[in-house]
Amino acid sequence: YLDPGLGAPAPYPDPLEPKREVCELNPDCDELADHIGFQEAYRRFYGIA
């Protein structure tokens, strides 16, 4: 049990998270990301990540 007032602070939000979610919702992009990584897969489908 961890007291929510103690412990590590919340991690910084990932600036790429919205793009990661877009890629995850596209089955082809999501599959490609499993092989070559999210940023490269996103770039191939949508342009610059």
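Every residue, even glycine, has its Cβ placed from backbone N, Cα and C.
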Position flagged as 4-carboxyglutamate [Swiss-Prot], chosen from Glu21, Glu31 | Glu21
Which of the listed residues, Pro9, Pro13, Pro18, has Swiss-Prot annotated as hydroxyproline?
-> Pro9
If you check Swiss-Prot, which of Glu24, Glu40 turns up marked as 4-carboxyglutamate?
-> Glu24
How many neighbouring Cβ atoms, not counting its own, are there within 10 Å of the Cβ of Glu17 (4-carboxyglutamate)?
-> 9
Whole-number Å distance separating the Cα atoms of Glu24 (Ca(2+) 2 binding site) and Glu17 (4-carboxyglutamate) is 10
